[in-house]
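Comments concern the structure below.
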Amino acid sequence: MENNKILGINHLLFSVSDLSVSISFYEKVFDAKWLVKAEKTAYFDLNGIWLAFNEEKDIKRQEIHDSYTHIAFSIQQEDLPFWEKKLHDLGVNVLKGRKRHEGDRDSIYFSDPDGHKFELHTGSVFDRLQYYQNEKPHLSFHEGHIKALYDRNK
């Protein structure tokens, strides 16, 4: 293994206003498995991703709704109807997606009880790069970095 390299995402931590509400949301929506719960913190396993929550009741949360910042999880195209139904049945706040070209692939956007945004996306970075290279040649592409990314994921 090479030294001095980022190895991947270690964990995702969210500030939440009500720990018990967030625990219920992530268990029901994502089928996340809780590992440890305390008075103001909880750790979950989400299919190998370490999720952490810290309850912070007095944080202003209104501004988060104006941002496009989000976390996207990959899903299969054929699973899109399942997720649409599940989110609807659970009463999850599903957000209006942005207009997109079919080359961007399909997505569902939604938020948790504190306004953290998520996307369930059917494409990959490789799909997006191919679409951009074919349809948006005016963009700048770093061919060396793109090749290295492809090579790492063969």
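Note: Cβ is positioned from N, Cα and C throughout, glycine not excepted.
Values in this document were obtained by computation on a predicted structure and should not be read as measured data.
Taken from Swiss-Prot, the feature active site, proton donor/acceptor applies to Glu119, supported by sequence analysis. The Mg(2+) binding site annotation in Swiss-Prot covers His11, His70, Glu119 and rests on sequence analysis. For 8-123, the entry in Swiss-Prot reads domain 'VOC', with the evidence type sequence analysis.
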If you run the three-state DSSP split on His11 (Mg(2+) binding site), which class comes out? coil
Which of the three DSSP-derived classes (helix, strand, coil) applies to His70 (Mg(2+) binding site)? coil
